């Protein structure tokens, strides 16, 4: 097995997410988070010869798998980069409107389970945490130079960590003596400063999650891509997003809610709401979570939430 394929990945909500796209044989679709291609391969199985699938990923290992797939299937186009470049990338490929876009947010199992990537406190490895290891600042580099206030804001806001102040003070004290450059060093600092343990959760979980989200600009990218997708969806096109973190899901939920209803009209308005054009999005079904069987087979699916919206003929507000 190659390095790109040696870590098992179970795609979460596989059929549900692809079913939500209502794939047309001749449609153009985007998988904004290729990973190891679970969703992409199922989409391809439902596309005809005239269909196209554009896949995005930051991770060089994921891109290696995607490019191998593209060599054997000419319907596939590959973008090495974050999905925040959605419209620019589609423009570069000569693609206008699309029939659907799927995003499976957060970190993949191969990234967690490859100790050398520095995402997990289960391994002693260089503290990297970059999804794209070819660019940007590693977690260790950021921890070395970040202000105490920045460290606190990231760990408190992105990790929702109650003991962020204590953790940050310990980080600042330790880095003055020696670099915090491995996952074990950071995990030990956190463990010594988290007074209350959550059942079934390592004390370092929230801090590692927070730093990873910050290093990879995960929340900013979600917020940036959603309006781009809305602009590029054809009428009837679908947006499907799987979120694993409450902050990600909140961004998706609020966006879809905002653009699936009208702004309240003032009492003096001369027009009735019924006379207004449709909002640009329509919510499709309820938020969907994995069933007990899927969670039993893949415990990492437990926190997943799938939300789906459909583009209407309504104009996008300026």
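The backbone N, Cα and C atoms fix where each Cβ goes, and this holds for glycine too.
According to Swiss-Prot, the features are:
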- 37, 38, 39, 57, 83, 104, 111: S-adenosyl-L-methionine binding site (BINDING)
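Swiss-Prot feature annotations superimposed on the structure.
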{"residue": "37", "record": "S-adenosyl-L-methionine binding site", "CB count, 10 Å": "21"}
{"residue": "38", "record": "S-adenosyl-L-methionine binding site", "CB count, 10 Å": "19"}
{"residue": "39", "record": "S-adenosyl-L-methionine binding site", "CB count, 10 Å": "29"}
{"residue": "57", "record": "S-adenosyl-L-methionine binding site", "CB count, 10 Å": "27"}
{"residue": "83", "record": "S-adenosyl-L-methionine binding site", "CB count, 10 Å": "25"}
{"residue": "104", "record": "S-adenosyl-L-methionine binding site", "CB count, 10 Å": "24"}
{"residue": "111", "record": "S-adenosyl-L-methionine binding site", "CB count, 10 Å": "22"}
Legend entry - Three-state secondary structure, residue 37 (S-adenosyl-L-methionine binding site) (per DSSP): coil
Inset, instruction - Please find, for 37, 38, 39, 57, 83, 104, 111 as listed binding S-adenosyl-L-methionine, the greatest distance between any two Cα atoms, in Å. - result: 18
